Amino acid sequence: MPNLTLANLPNDLGTFTGGTHGSQPLTDYGGDTFYYGPVSIGTPGQVLTVDVDTGSADLWVQSNCPKNTCTSPQFNQTKSKTFKNTKQSFNIQYGSGSASGQLGQDSVTIAGLTAKNQYFGVVNNPSEDFEGTPSSGLLGMAFSSIASSGKPTFFENVLAQYPTDSVGPLFSVFLTRKQSSGSQVCFGCYDTSKVRSGITWLPVTSKTYWTVSMTGALVNGRAVPATTTIFAAIDTGTTLIYVPAALAKSIYAQIPGSQMMSSGYYRVPCSNLNSNSLRVSLMFNGSPFSIDMRDFNLGRVSSSSSYCVAGILALGNNFPDNLAIVGDEFLKSWYSTYDYSNGARVGLSASINQA
């Protein structure tokens, strides 16, 4: 069993006295591409798996989807005694990919916590981005203010439906590196066995995504300040790190031999991408948080190339120039806690994954 600490310990997690909590195990898919875990929907419960995504706010699963398109298990609406089809359309668009179908309602249980009458998408038309993966859908864990359905998220409903203070108003995420098992989401809890430090709290700047203030970067001890305040979304559903083009250019200007590639990528001499010669950190609220070079180095451009692809990408013109998306490449080194109290904040603790 994980060493689950209730939301009143350590002290800076708040003063909540409740003890209801649960741990959802996650599977690391595709060498840290995304992480997915089980969800039970309906009466009796049908167990499916979903990607866990702090960068969106809707739950959806495949249902009545052609089997040549949806190869993962699907939710069977007719087998649940409590399912309701609202007949409303459901459509969601991601940075990459989309899903559409209808909006349903049913009981949803994750890690022993149940949200009754939870709204979720029953999707019969996912885009190709979701084809061929083992998960059956996606669990959005950002704020419901950005939900395409306009409905509360699973955990928001848990907090609303359980007795006051019985569930700590936070969840925490631990991501493994190149290990299929061991990752987890801790609902209403903080797993002290997964960390090597205390928590640094970062205030949420906008209750949309779990967005914090990025003030720049640090490359080999040299500050690379952002020219404007950057809103950085801490996003478990994104694999890499994306920053405004101007900041990416300034970061790579500090790494000898860096060259811009297409689609926001940069390449760097592989000899420069190791922990002995390169240290890169992201700056949040003026404090540095390191990126592990094992994650920053995405591999050689080609088998015979002396250049490697680097893990900080420049966002394209379709995105605001003050937005960053901080994904799993970073979060593998930092145990992240998402707290709805204290005005909403994100906590970062050094993960046991850190070298």
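The backbone N, Cα and C atoms fix where each Cβ goes, and this holds for glycine too.
Copied from TrEMBL, the annotated features are:
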- ASP53: active site (ACT_SITE)
- ASP235: active site (ACT_SITE)
- CYS270-CYS308: disulfide bond (DISULFID)
- 35-349: domain 'Peptidase A1' (DOMAIN)
What average pLDDT does the predicted model assign to the domain 'Peptidase A1' (35-349)?
96
When the number of other CB atoms within 10 A of each residue's CB is tallied over all shown chains, which of the recorded positions ASP235, CYS308 has the maximum?
ASP235
